[in-house]
Amino acid sequence: MASLMLNGAITFPKGLGSPGSNLHARSIPRPTLLSVTRTSTPRLSVATRCSSSSVSSSRPSAQPRFIQHKKEAYWFYRFLSIVYDHVINPGHWTEDMRDDALEPADLSHPDMRVVDVGGGTGFTTLGIVKTVKAKNVTILDQSPHQLAKAKQKEPLKECKIVEGDAEDLPFPTDYADRYVSAGSIEYWPDPQRGIREAYRVLKIGGKACLIGPVYPTFWLSRFFSDVWMLFPKEEEYIEWFKNAGFKDVQLKRIGPKWYRGVRRHGLIMGCSVTGVKPASGDSPLQLGPKEEDVEKPVNNPFSFLGRFLLGTLAAAWFVLIPIYMWIKDQIVPKDQPI
C-alpha cells in the first residue's frame, strides 16, 4: 500500500491511493510459450468516476527499479511486516479506500471462490470476507512473514494460506469466481504475465480486480518510484488487461478522503482495474519464458544491500507524504483545496 501515495495530478471527487503487499515465491512449472507482438493500441476504458484521459506521466518502458528480484522483495517485507498494519496502512490503505477499491469486484455472493493474490497481512482479505465466506477465500503471497500476520486475524482463520508466485499461480485453470490483487503489481518483473495468470485461473464470467499505484507526475515522487519499484501508467493497466483477453475493462481511481485537492500537485494516484473473462480456458496471449527465476539467489549481496538502503529511503518518503497531507487537512479550511 505504501507505494500508492505518490502520483496523480488533477482534482477528482474521490481521492486515490494504493495498497502495499507482496506476492511470489515457490513457482510451479508451466509450459513455455512463444511471444507474440501486438500492433493495435487498446482504447482507454474508464469507469464513470474517472475521466477518459490519463494524467499519468510518461516514462521509459523498461525503466529499472530498486526491487528487481523477488528475493529482494522477500527481505524487504521481512522487516516491513513488523509495522505494516500499524504504520503503513493508516496513511496509504485505509478501510474506506479498501472497500471503495473492492466495490467494482462485485463480491456479491458468500459462496464465491476468491483468490487474493499478494494478500500479505490480510488487510485486503478482511474486506473480501465481509461478503464472502472465509473458507472460500485463498490468500497467496511470497512472504511467509506477511502471511503469518494474516493467520493471526480471527476473521481469516478459515482462509486457505498459500506461499506462491503471482506470475505462476498454483491454481488450476477455470478455478475461481474472483481474482483480487492489491498492492502487489509493484513487485512483478512481468506485469503482463501476472495478469495473464489472473485470466487463466478465473472461471468463464469471472472478474479480476487489480489494485495498484499509478506513475506519478511530481518530480521527486517520480525519482523515488523509478529507483524503487514498478508504477504503471493508467493506460498500461488497461492494455495489459485487454492483451490478456479480458472484456469490459474498467478503471476506477481511489485514495484517502483527506487528500483534498492534492492531485494538482502530482502527489498521489492509485486505481482499481477490473475485467471479465469472456471464455473458459487459458488466456489467448502467448508469452515466452519468465524473466526471473525465483529460486535463484541474489547475485551480488553488496549491490542488493545498496538497493535495499535506497529503497528504504524511498519508502520513508512515501510514509512522510500522508503525514504532511494529514496535517494540512487539519489546518486548511474544508471548503478550500490543499
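Keep in mind that glycine also has a Cβ here, set from the backbone N, Cα and C atoms.
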Correct range for region 'SAM motif III' (source Swiss-Prot, candidates 200-213, 214-227, 298-311): 200-213
Correct range for region 'SAM motif I' (source Swiss-Prot, candidates 114-123, 134-143, 144-153, 254-263): 114-123
Mean of pLDDT values spanning the region 'SAM motif III' (200-213): 97
